[in-house]
Amino acid sequence: MLFLILLCVTGAQAITTPAPPRPATTTPRRGVTSAPLIVPASSSELIVTLDGTFHSVTIDMTEIRQYVRQEIIEALWNASHVFESLETTYNRYKDVYRFTDQSIRVNTRGKLSTCKEVNKSTEVSFYKSITSQTINGKYDGDLGISNHQLGQQLFFYVMNVFPVENAFYPVRKHVVYSSLSLADGAYQLAGMATTNYVSLVVVRKISSTVTHEATIVFGNKKLLPSMRGSITKYDISLVNSDAEELLLLTSQKDYEYFSKNLFPQNWTDVFSLITSHTVGELAQILQTSVVDFARKGRCRSVHFNSHFLTTYLAVLSLYYKMGTEFVSKNERQISLQCILPKLYEANVCFDMVHRCFTSQYTRGFDSDGINRLSAAILGSMPFEPNQGLSVPTNWFLQTLYFVDGNLDPQNKGLHGITLILMDIYGRYVVNFTLTPEDRETLFYVYNALRGRKHLSTTMKNKYVSLIYCYTTSMCSATELAWGIEYWGEESTHSAHHSFSPCFMSLRFDYTLEKLNIEGSQDVKLTQTQLSNGVSAMYSLLTAKSSTWTIDSLSIKPCIYNASFVKMIVPFTNVSYVISQGVAAPGTTYDVAETFLKSSMVITVVSNSECYNLTASKEILKIPVVYNMTHPRIKCQLCDSVVISYDEYDGLQTMVYISNYKVQQDLFSDYSIFFDFNNMHTHYLLLMNNGTLFEIRGLYANRAMNIIIILLFTIAALAGVFIVYKIVMYMTFK
């Protein structure tokens, strides 16, 4: 409290020292009649007189040193510029743009929910070993953790929050640091997030001599940083509520420039966006914003405008909003079931920002304790053979997100993902559509896979094969058409419900021409909607990180021409690389015999021996199976794949035969997969032992039926003609 009094009393000069190196004179500085006077006293006291007569305060430095370290006092003294002339101080801050009496007061939703203190029977310490025994088998997360321990790990690094010459007092705090440089340094952002507030410094470099700069601060109204000179936070306050406040520090010249090019027209909307949503809500809003950046090509070519600035400030504010969970004088126990979903949504948002803006740098917001605790929870989860998960799907995937592959030697994470995908895929193959709930679950699966570091032993196991057989199968021609329609409509989008399995498949044959063909089949779309949808899907599917799925395959080092690859079908022992030219070592088959417009080959690659193989010099013909009988008794084709492709359009859809029901539905007389009315569509059967066939039996039967009908028609016409000739002959004989 004494420290706060000290700062408030000294105001512009913030004099805080046990005994200045030289006693300050009591004579007012030249040209100033009301300068604060510093009266020399004993070495343990400092007397400040504000008007020379009536108002003075005596500060006991001995008592202050009990609460404030000596080096901090000295730093504040040096930062206050006590001995510089008032003219210098005035000139230093005279150009600051002031919003005196213009701060907008808003009413927020009230105090948003934070994780309340709990008293769990099992509390986990991050400073000790964490195992399945430590958590007493509570894989549902019914555990307590220390808010201080988690906060100390997330906000671990200590840094100076503001530049030395900034109008805010320099202060060192535990922070999360974030920076982004764009256009070769023409645009620079540096953000610091603490548990009390967040600051964002924005720099626009026009030339070597012309630079514009602004500092935005948002946070707890009572804990905002102090200011130097004659400036107060009331001079630079834009928006405030009972609990929080938004400040903008910039010069008049820079304010004029940024108001035209960068600053939002309505700062109240920015304030409300951050303050009126919980961590989870704000994180999901920002996730959708990042997807919008990606679909519009704004990740590769950033538009440095008000929308971008608002989004970036809100992303930084997520750190601060998470930090409020850990601010308390006394250590308290919080529920893991409450805090983990918040951490998950926030971290997913941060990951998406990093993937969008690849030059983004962040330091901090990592918790080894959460990672180890999540691994212990995963290890305790019971998995029954051929059964689904024993815990809620979202909880499993949120927990798995924080588990490194090195902490999951039994591959329970990948096993669980296959169970989830098996369930979704079973519903999908009925009519080749996905529900919004299924898409959200796939989004969670995607995040768990993206952040997971695979052990080398997991790269060729059956779970990886199953995962990508499922996801690639769900990336069908119908799915591509759905995505084009979804993004073509100017409606409210959602990162969770707009997710497509194509974003985590092993299919890479996307071109603007192909997407236009798929989208053109939807007669409901206008030309503008078609163009918007195709552009969005193409941007999302061809992002820089779109080929990340190949990283988990054991044959990745053996693919020597990735740009040729159209699709990969992974099985446990072999993989099929479908490409426009030979792209991997193995046995290669030519698909050109089926009159495909563009060349396409299929290479059968051994997962374990591809390092020792060379590219095939001989390209074989694909064997053909005529009149293939429908499998009836058992699942003869389980763990095989059927692929359809068009002579003009190329690959269309892949179907993984996961069980007997899928097999029977696929080959039934009512199957919607086989198009009996299109003579230009062909089908390949790829088996898990490296054997492949082209299925032509359906076409042979269909062609024979047509020929028979034609023969009967010709015979009937010939009979009619003969009868006609006989009648005419008898009539005129």
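Just so it is clear, glycine is given a Cβ too, placed from its N, Cα and C backbone atoms.
As annotated by Swiss-Prot, signal peptide applies to 1-14, with the evidence given as sequence analysis.
The topological domain 'Virion surface' annotation in Swiss-Prot covers 15-707 and is backed by sequence analysis.
The annotation N-linked glycosylation site is assigned in Swiss-Prot to Asn78 (among others) on the grounds of sequence analysis. The number of other Cβ atoms within 10 Å of the Cβ belonging to Asn78 (N-linked glycosylation site), over all protein chains shown, comes to 11.
Around Asn119 (N-linked glycosylation site), the same-chain residues six or more apart in sequence whose CB sits under 8 Å from its CB are Gly144, Gln333, listed in sequence order. In this structure, Asn119 (N-linked glycosylation site) belongs to neither helix nor strand by DSSP; it is coil. If you look up Swiss-Prot, you'll see Asn119 (among others) marked as N-linked glycosylation site, on the strength of sequence analysis.
Averaged across the region 'Interaction with gL' (185-249), the predicted model reaches a pLDDT of 93. What Swiss-Prot records for 185-249 is region 'Interaction with gL'.
Sequence-distant contacts of Asn266 (N-linked glycosylation site), defined by Cβ-Cβ distance under 8 angstroms and a gap of at least six in the same chain, do not exist. The N-linked glycosylation site annotation in Swiss-Prot covers Asn266 (among others).
Asn431 (N-linked glycosylation site) is surrounded by 9 other CB atoms, counting those within 10 A of its CB over all protein chains shown. In the three-state DSSP scheme, Asn431 (N-linked glycosylation site) falls into the helix class. Annotated N-linked glycosylation site per Swiss-Prot: Asn431 (among others), in sequence order.
Annotated N-linked glycosylation site per Swiss-Prot: Asn561 (among others), in sequence order. According to its DSSP assignment, Asn561 (N-linked glycosylation site) is coil. Neighbours of Asn561 (N-linked glycosylation site), defined as other CB atoms within 10 A of its CB across all chains, total 14.
Marked as N-linked glycosylation site by Swiss-Prot on the basis of sequence analysis: Asn573 (among others). Around Asn573 (N-linked glycosylation site), the same-chain residues at least 6 positions away in sequence with a Cβ under 8 Å from its Cβ are Ser606, Asn607, Ser608, Asn688, Asn689, Gly690.
Under the heading N-linked glycosylation site, Swiss-Prot lists Asn612 (among others), citing sequence analysis as support. Long-range C-beta contacts of Asn612 (N-linked glycosylation site), restricted to its own chain and to partners at least six residues apart, with a cutoff below 8 Å, are absent.
Taken from Swiss-Prot, the feature N-linked glycosylation site covers Asn627 (among others), and the record attributes it to sequence analysis. Taking the Cβ of Asn627 (N-linked glycosylation site) as centre and 10 Å as the limit, one finds 12 other Cβ atoms among all the protein chains shown.
Residues annotated as N-linked glycosylation site in Swiss-Prot: Asn689 (among others). Within 10 Å of the C-beta of Asn689 (N-linked glycosylation site) we count 12 further C-beta atoms, all protein chains included.
For 708-728, the entry in Swiss-Prot reads transmembrane segment.
Per Swiss-Prot, the feature topological domain 'Intravirion' maps to 729-733; the stated evidence is sequence analysis.
For Asn431 (N-linked glycosylation site), the nearest of the glycosylation sites Asn78, Asn561, Asn627 in terms of C-alpha separation is Asn627.
Here the CA atom of Asn627 (N-linked glycosylation site) lies 37 Å from the CA atom of Asn561 (N-linked glycosylation site). If you measure from the Cα atom of Asn627 (N-linked glycosylation site) to that of Asn78 (N-linked glycosylation site), you get 91 Å.
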